[in-house]
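According to TrEMBL, the features are:
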- Asp248, Ser249, Leu273, Arg274, Val275, Arg276, Leu277, Gln278, Thr279, Asn371, Lys372, Thr373, Asp374: GTP binding site (BINDING)
- Thr279: Mg(2+) binding site (BINDING)
- 7-20: compositional bias 'Polar residues' (COMPBIAS)
- 1-31: region 'Disordered' (REGION)
Amino acid sequence: MMRSANGYETRNTDPFSSMTRPPPGETSAERDVRIIDQVEARRISDQIDEQIRIEREQIRKRVTTRQEVKVLLLGQAESGKSTLQKQFQLAWSTMDQERPSWRPVVYFNVINAVRIILDELEFEFAHEQHEPSSPWVDPHSGWQGQLSTLRTRLWPLVSSEQSLATELRGSVAVSGNKPGVFVKSGWLALTGSEARRPQNERRGMYNGPDPHDLVTRLLAASQADIEELWLHASVRTLLRTRKLKLEDSAAFFLDSVSRIASPDYIPSVDDILRVRLQTLGVVEHSFNINLGGRAVNWMLYDVGGARGQRHSWAPYFDDANAIIFLAPISAYDQYLEEDYRTNRIDDSLQLFTTICSNKLLRSCHLILLLNKTDVLRTKLAAGIKVKKYITSYGNRPNDYEEVAEYFRAHFMQVHRRNDIGKRVLFTHFTSTIDTKSTQKIISNVRDSILHDAMTQSHLV
């Protein structure tokens with residue numbers, strides 16, 4: 001021990017200090033070995049200290065150069081938010097390893113469409129059997145017997161819908177016990193630990209065979225019946241007269257049922273982009289990207305868009321860098337599931353008004369995606385008049401360019417009148433299932449958001 005200048009005793013930790021005080025009885029040879037060992041120990045100690053210093057410096061640089069960008073995907077239910085999120089994943093990675101895990105979700109979409117068709121046919125038959133001009137109730141057409149036979153043969157497949165939905169959504173309780181794939185922990189959960197659990201563990205959740213295996217067999221056995229139902233003249237009539245309304249992607253899956261029912265079926269990227277999932281709450285997705293040598297953590301938040309879930313958005317507003325708002329302009333002939341009096345276009349405009357006027361979001365980068373342009377083109381080509389559902393459209397031409405511009409002008413007007421941040425509004429017409437065009441938009445959106453966020457942080 002030695003005494004310091006302030007009077008305290010301190011321990012001498014210098015390993016060289018003991019070199020000059022050999023232990024009693026030590027020979028000169030032993031002393032040389034001891035000194036060599038001590039010098040080597042000191043060298044190793046110094047090397048470790050230097051490595052620690054280098055690592056600390058590297059950590060400090062990563063902390064000071066890493067930028068976190070928080071982006072919110074907002075919009076009503078079925079506006080395409082989750083599909084856009086998948087496109088963002090494709091921009092920085094692939095879905096090759098996840099594709100097999102999406103197979104039961106595709107199965108669910110097929111079964112759901114078949115069940116809706118059968119229910120609607122039965123409804124029409126029950127309520128219009130006194131209309132002899134109705135093709136699906138014409139006693140000479142034999143459709144009543146055909147419907148009964150098809151429904152009987154398809155019943156085992158249709159009855160598996162609820163158990164498959166429950167298995168996919170991880171037993172999440174949904175009000176009214178409505179069948180559906182409701183993703184509480186995010187669609188990635190379907191391709192994560194839950195979807196990859198051993199079959200015997202999944203089977204333990206239910207008193208029966210594994211739903212995936214059962215549905216695979218049922219779908220293969222029902223392929224011909226599904227095709228017969230889908231191509232039947234009565235179904236075509238219901239579709240043409242707009243009495244049968246399916247999910248936007250239902251026709252895609254029903255047209256592909258022979259491929260999907262194949263025993264070795266693996267979902268394609270197009271299949272994954274088109275599946276219908278209903279997000280519950282707010283789901284976070286994180287991507288690490290490199291921008292000019294600078295590490296950026298891209299935090300993307302996919303939100304449930306139903307009216308009853310919008311209250312959960314607010315906690316994510318205060319530190320958001322950007323908002324991507326999706327408005328499905330194909331929905332002019334649709335009404336909210338929660339309120340059949342409210343047109344979905346009107347709801348989107350009201351929701352966009354709320355976003356533009358929210359004080360917590362006044363500094364956010366704002367992007368508007370007028371989505372589902374492919375569905376809009378299809379509806380207009382089928383002769384579905386906009387003015388029938390939106391009277392203010394008047395006698396304008398019922399063509400894509402005129403309709404798309406009309407809706408764009410309304411959203412621009414909402415922004416101009418209500419945006420308290422006086423921000424530039426970046427607007428794009430999109431079809432988020434179109435990977436090629438969407439990837440170009442994502443690239444532009446990503447770069448503008450990152451540049452804006454890093455400028456605000458004084459990092460560029």
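Cβ coordinates are placed from backbone N, Cα and C, and glycine is handled just like the others.
Worth saying up front: this structure is predicted, and the values here are computed from it rather than measured.
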Neighbouring C-beta atoms (10 Å sphere around the C-beta of Asp248 (GTP binding site)): 18
Cβ-Cβ neighbours of Lys372 (GTP binding site) (radius 10 Å): 26
All-chain count of other Cβ atoms within 10 Å of Asp374 (GTP binding site): 15
